[in-house]
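Annotated features, as they stand in TrEMBL:
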type    : residues           : note
REGION  : 1-92               : region 'Domain I, interacts with DnaA modulators'
REGION  : 105-321            : region 'Domain III, AAA+ region'
DOMAIN  : 138-266            : domain 'AAA+ ATPase'
BINDING : 149, 151, 152, 153 : ATP binding site
REGION  : 322-440            : region 'Domain IV, binds dsDNA'
DOMAIN  : 350-419            : domain 'Chromosomal replication initiator DnaA C-terminal'
């Protein structure tokens, strides 16, 4: 069994070198040991909390997708081993962790106290706090929109955690739209729609993340419409997040868009330099780690747009400093983060950007990529865009499928495999892919 586990893990690592983000296998996963593989769950022993955070924040979803694709596992659990460095253990012992609330879906680490306020998020923070103070009264619904990794999810969890702390017996549910869709489909298949409705219509606060993934899901939109009405009529609080303002979300029913605007719509923009510095200082303080001012400034200057990536980079330099027993200097930070900094300076390649560049390269409208048209040229363009979305973004297979109006993520798996093979053998396809990559 042990030999089988090691062989399976080695095969997963080998595939990961090609299909996971650069450095995922050789920098992070190589430090992990497989502990068990039962019932489709792979348990990995990770050396310390830094490695665990890096894997979780950067590519855990992609690792799970790859494991599923290889028929190895559908779930990967990370467990911190006993061999963590002594200094890290001491730091971890000093950090007081909030109490989790089972069943709510909330992350207890996301609190208002740990959210750094700046010009880019001041209104969203104030509105979130007002909602947490008076659920169902201040702004209902509260709709927060903005790019990936800017703090929308942090604010939503903060609202939920604040309400649970302030209101004894309050019922709070946080759910991603993807999970809401999957639970709804499962409830239909198992004839348990009544239980599903009861679960989400009996809460005091419903926090639903990434509502744009409901696009083209007519039945789920219908269900959410009635859930929204039920909660709103009962003066229960609804908080919604999206990557776009309501009117810019395509393929969502007008009656839902209208309801999204009933309360307050507020956005979060990328943080300015001062806010990025404050975020890094706060993160280092929470970790009880002494990071020199010049290193903080260096990171803030070179990771400009995404808070998640900013925090991940701070975790990286702290990890490498401990691992190599080297001082945390600007020179070392630049060495450890050279790939991250290079990619950040190029700008984020979102699925939308990839679709736009691919469509321009093929001379077709972007709408053709998300349509049902299957002409050979459009099908090829769509497959290349899916392949590049897999390579350039941290989106899961299912998220990529949603972005192309595909209900089944196996379409994405097929596209990725097909272009991977074609890239090796077909000169024309290799030239097209390379041309798009240059533009990205």
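FYI, residue positions are counted from 1 along the chain as it appears here.
Placed from the backbone N, Cα and C atoms, the Cβ positions cover glycine too.
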Checked against DSSP, the composition of the region 'Domain I, interacts with DnaA modulators' (1-92) is 53 helix, 18 strand, 21 coil
Around the Cβ of residue 151 (ATP binding site), other Cβ atoms within 10 Å, all chains included, total 25
Going by C-beta under 8 A and a gap of 6 or more residues, the same-chain neighbours of residue 152 (ATP binding site) are 124, 144, 145, 146, 209, 241, 268
For the domain 'Chromosomal replication initiator DnaA C-terminal' (350-419), the DSSP residue counts stand at 50 helix, 0 strand, 20 coil
The correct DSSP tally for the domain 'AAA+ ATPase' (138-266) reads 67 helix, 24 strand, 38 coil
